[in-house]
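Features as listed in TrEMBL:
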- B:21-44: transmembrane segment (TRANSMEM)
- B:56-76: transmembrane segment (TRANSMEM)
- B:81-99: transmembrane segment (TRANSMEM)
- B:105-127: transmembrane segment (TRANSMEM)
- B:134-153: transmembrane segment (TRANSMEM)
- B:178-197: transmembrane segment (TRANSMEM)
- B:217-235: transmembrane segment (TRANSMEM)
- B:241-267: transmembrane segment (TRANSMEM)
- B:288-309: transmembrane segment (TRANSMEM)
- B:321-337: transmembrane segment (TRANSMEM)
- B:344-363: transmembrane segment (TRANSMEM)
- B:369-388: transmembrane segment (TRANSMEM)
Amino acid sequence: MFAARGVSKRFGAVRALDAVDLDLSAGEVVALVGDNGAGKSTLIKVISGAVTADEGQLERDGVPVQINNPHQARSLGISTVYQDLALCENLNVIGNLFLGSERRRWSLLRKIEMERSARTLLSSLDVRIQDIAVPVAMLSGGQRQSVAIARALVGEPWLVILDEPTAALGVEQTAQVLDLIRRLRDRGLAVLVISHNLADVRAVSDRTVVLRLGRNAGEFRTAETSPEAIVAAITGAAA
Amino acid sequence: MTTLTKAIRWPGRTTDGPARPGGVGSWPVVGGLVVIAIVFGSLNEQFLSAENLSNLALQLAATGTISLGIIMVLLLGEIDLSAGSVSGLCAAVLAIVHVRHGQSALLAVVVALALGAVIGLVHGLMFTQLRMPSFVVTLAGLIGWQGLLLYVLGRGGTINLPFDGAIAKLSDTWLPPWASWLIVVLIVGAVATSAVLNRRWRRRADLPLPALSRTVLRVAGLAVLLGAAVLVLSADRGVPLLLVIFGTLVVALDLVLRNTVFGQWIYAIGGNAEAARRAGIPVTRLRIVAFVLASTLAAFGGLLAASRLAAVNQSSGGSDTLLMAIAAAVIGGVSLFGGRGRPYAALLGILVIQSITNGMLLLNVDSSIRFMVTAVVLAAAVAIDSLSRRGSEQ
Ligand SMILES: Nc1ncnc2c1ncn2[C@@H]1O[C@H](COP(=O)(O)OP(=O)(O)O)[C@@H](O)[C@H]1O
Ligand SMILES: [Mg+2]
């Protein structure tokens, strides 16, 4: 269980987050939706340590935790895939998977060990890349997104946060990435996905959390809710 | 569709490096060298003679070493325009300490290299702390360090190094055949051993093996290449020590870049500095280290040049040294956009440039034509770099 309680964040005069609550649990995909400027990115930045909240608290299994920087988030088992993926296009898949956390003995790279773990990880996620030794620049958009997601798993996290993972993808590659997200859930991870695309949200999430103008504006079991109800919560038409 | 073409272009390869270049690799350069050998060899029988090739080997080392330093900075996607001036200045300081102050050659070398390192540190700090673009920092260096060179040389403007001193001897030492062959055997042996070990470890780890024929071909090709070089050079005075020093630097730097965390991080920063930073890589520190290495290698190149000339003068490290060094790196396949290329580029690129220069000198071609030809080769190399970058970005 991970929870955000009454989280608020101001940027000058803008209330980006206003007493927002969020609950995440293992084996569940939560979709975070809302209009532009609703505060989605700010909320995940608070959870991943990129931004510190002004008020409110974060809890892990009911125990309050401090997350003041990305490093602390990672050591709490929280891993984030940002929208820009942050891949090094010139490095191969293995290099990107272990970027910054290369397996090493003294200062020497343990290439064989890394390649082995990379292959195991990718095949356990059913990610298909013909040749993991080519630079990531040679891969398709869906494959890159998959590499970025797989990288989030290298530190064996408990929670994976994905910011707009399908925004830049075509139909077929979107389906691949959604499959991958389901596999994360099947591994027992907690998953938080930001998406603009309600079709994707319906396809992959168990629960949908709506933000509007920095506040909680509804929470639905995705399968039992009509898209119209979610749209209404996003636009505020229901209120 | 795109995945299909990729599968065809990259048939089930296995990995051996952290950064397989997305570009065309070194094949155009090797092809270029063959063309150069054929063209100049048929125009002038002197060109492929043992004596001329020995001279060529001697000419490579100084600028090649400077180029090696520039590669460190290019890999980060930055540039070092000061390398020529730094090489001249450090050589001058070497000569002053050694000749004017009568200190030992060793101390003089240490002082010169330390000065190079300090200069690199200054560049690195200006780049990372003052956030100045690297090309401005090192452009200031280009002018400033040359000014300092003229200042420290003073009125005389030339300092001669003793001909029989250790420094001049560096470029007048030739390996006896047995030593050359021993080195060849050791290198080929090491490469073959590492290939065998790599195959064994990969098999043990259940990883796909590279094609055996490929491995054998690579080792055999290396043996033939090195053997031929030793045969040719031994027909003249022998393998020059200078070439051995330069070659050692190239190989050492390549091993470090491909096999250490440091090297992996240099490539990562060159590929995407922001991603590297977010992944916890100490970007600022590595950038400073790269500038320090670049200037230290420039200082060492200046030392080699001074050794060959047995003197340091006002034009040391000046004129076209810098452009040759940058051109060599780019021609050899190091990308100006950062993150791609290997230290071998310095060796291949400087070979191309020096052979063209050397060949045209033999043919008595006017220097006007020489400049233009070198420019065309450089432009072609940069064009290939840009195109292959665009190609790999899809
Ligand atoms: N670093 C920042 N500085 C100032 N205002 C910000 C900053 N980040 C976000 N905001 C503001 O906070 C509000 C919420 O933004 P954001 O969390 O990015 O929304 P979303 O991701 O849902 O589109 C917006 O009004 C935005 O302009
Ligand atoms: Mg956003």
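Glycine too: its Cβ is placed from the backbone N, Cα and C atoms.
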Quiz prompt | Paired segments the transmembrane segment (B:321-337) and the transmembrane segment (B:105-127) in contact, 3+ CB pairs under 8 A | solution = no
Quiz item: Among B:56-76, B:288-309, B:344-363, B:369-388, which stretch has the most Cβ pairs under 8 Å to the transmembrane segment (B:241-267)?
Solution: B:56-76
Exercise. Determine which residues of the chain contact the transmembrane segment (B:105-127) at the Cβ level, with the cut-off under 8 Å and only residues 6 or more beyond its ends counted.
Key: 78, 80, 82, 86, 89-91, 93-95, 97-98, 133-134, 137-138, 141, 145, 165-167, 287-300, 302-303
Exercise. Using a Cβ cut-off of under 8 Å, list the residues of the same chain at least 6 residues beyond the transmembrane segment (B:217-235) that approach it.
Key: 50, 53-54, 57, 177, 180-181, 184, 187-188, 191-192, 195, 243
Quiz item: Short question: which residues 6 or more past the ends of the transmembrane segment (B:56-76) have a Cβ under 8 Å from it?
Solution: 83-84, 87, 134, 171, 233, 239-240, 242-243, 245-246, 249-250, 253, 257, 266-267, 269-270, 273, 286-287, 290-291, 293-298, 300-302, 304-305, 308, 321-322, 324-326, 328-330, 332, 334-336, 338-341, 343, 345-347, 349-351, 353-355, 358
